[in-house]
Amino acid sequence: MHIISLSSSLIFFIFLFLASTIPIYPAKPTTSQPPAPRRRQHRELSGDYYSKTCPQLENLVGSVTSQRFKEAPISAPATIRLFFHDCFVEGCDGSILIETEKGNKRLAEKEAEENKDLREEGFESVFKAKALVESHCPSRVSCSDILAIAARDFIHLAGGPYYQVRKGRWDGKRSTATNVSPNIPRSNSTVDQLIKLFASKGLTVEDLVVLSGSHTIGFAHCKSFSSRLYDFKGTKRPDPTLDPRLLKELRMSCPFSGGSSGVALPLDATTPFVFDNGYFTGLGTNMGLLGSDQALFLDPRTKPIAVEMGRDKQRFLKAFGDAMDKMGSIGVKRGRRHGEIRTDCRVFL
């Protein structure tokens with residue numbers, strides 16, 4: 001029964017979509033006097049930050065995200081992934097949105113190898129929302145706050161939780177491609193590597209597992225998991241943890257050589273556009289697409305959490321909203337010394 005739904009989903013999405021995976025890596029917080037910066041910054045953010053300067057903000061952004069979700073559903077996983085990539089490098093400061101100036105040898109984050117698969121639908125969603133907000137509230141709302149709101153909106157539109165987005169972020173003043181690699185996980189990262197990375201950002205093992213659940217509406221290129229199909233850890237054999245039926249399907253879609261560079265497959269093949277806990281139930285039957293995902297169900301430190309999330313959808317949705325709020329406070333910039341309020345998200349002031 002499972003293979004029938006998998007096959008139809010794969011065939012449908014191979015022709016329609018490119019990759020929109022959603023890795024989960026935050027960035028380093030700044031240092032200052034006690035209280036700890038992350039805690040202090042989190043208190044500085046508030047749900048009513050724009051209540052006087054742009055009270056219609058969430059309605060404005062919501063009008064754009066709802067339309068984009070209808071016209072281009074891929075905008076949802078693309079924007080969520082964009083938010084993760086922003087927060088994981090330099091903090092949640094809109095630095096992922098900056099475009100490299102012509103002739104500038106110092107490349108922006110967007111140009112890093114790890115970010116080249118970020119879909120334009122994510123960027124366009126933020127740019128359209130920013131343009132609308134600027135027409136009503138000029139030079140008042142940061143691009144980083146708009147990105148945070150848009151990500152939440154898409155999560156909710158896809159069936160996920162509607163959580164309050166704390167606002168008050170300023171946009172960062174730098175964006176450097178070389179800062180990306182140390183903060184972005186690999187599709188074959190070990191659980192040890194993931195736990196260490198998350199811990200360095202102030203995130204727990206539960207945060208790691210819960211935020212990985214965003215892959216419930218993500219996509220991945222063949223190159224992200226092809227080694228599991230043909231040469232797992234240099235053995236010249238497939239990953240033994242892969243479900244045999246899934247292995248057969250994936251090899252058909254991603255041949256050993258040629259013809260798969262543009263192919264993208266859903267990380268949750270059963271409900272790829274529904275934000276639910278299907279990602280976790282898939283891990284329980286060895287249907288994880290990425291090695292780093294399936295590893296969460298094999299390690300005793302993470303498996304109990306994954307099992308719980310797969311068993312209780314409401315528990316997962318509540319935990320995910322809380323984890324997103326926590327992640328959204330990483331590395332927040334405040335004030336003109338550290339940040340700015342861009343009028344065009346693509347360029348510094």
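Even glycines carry a Cβ here, placed using N, Cα and C.
All annotation found in TrEMBL is predicted automatically rather than curated by experts.
Straight from TrEMBL, the features:
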type	residues	note
SIGNAL	1-21	signal peptide
DOMAIN	44-349	domain 'Plant heme peroxidase family profile'
DISULFID	CYS54-CYS137	disulfide bond
ACT_SITE	HIS85	active site, proton acceptor
BINDING	ASP86, VAL89, GLY91, ASP93, SER95, GLU109	Ca(2+) 1 binding site
DISULFID	CYS87-CYS92	disulfide bond
DISULFID	CYS143-CYS345	disulfide bond
BINDING	PRO185	substrate binding site
BINDING	HIS215	heme b binding site
BINDING	THR216, ASP268, THR271, ASP276	Ca(2+) 2 binding site
DISULFID	CYS222-CYS254	disulfide bond
Of CYS54, CYS87, VAL89, CYS254 (the recorded positions), the residue whose Cβ has the fewest other Cβ atoms within 10 Å: CYS54
Cα separation, the residue listed as 'active site, proton acceptor' to GLY91 (Ca(2+) 1 binding site) (Å, whole number): 9
Residue from CYS54, VAL89, GLU109, CYS222, CYS254 whose C-alpha is spatially nearest that of ASP276 (Ca(2+) 2 binding site), among the recorded positions: CYS222
Recorded positions clustered about CYS87 (disulfide bond) [Cα within 10 Å; pool: CYS143, PRO185, ASP268, THR271]: none
Predicted model, mean pLDDT over the domain 'Plant heme peroxidase family profile' (44-349): 95
Which recorded positions sit within 10 Å of the residue listed as 'heme b binding site' - Cα, from HIS85, CYS92, CYS254, ASP268: ASP268
Proximal but sequence-remote residues of the same chain as ASP268 (Ca(2+) 2 binding site) (Cβ under 8 Å, at least 6 apart): HIS215, THR216, ILE217, GLY218, GLY278, TYR279, GLY282
For ASP276 (Ca(2+) 2 binding site), the number of other Cβ atoms found within 10 Å of its own Cβ: 19
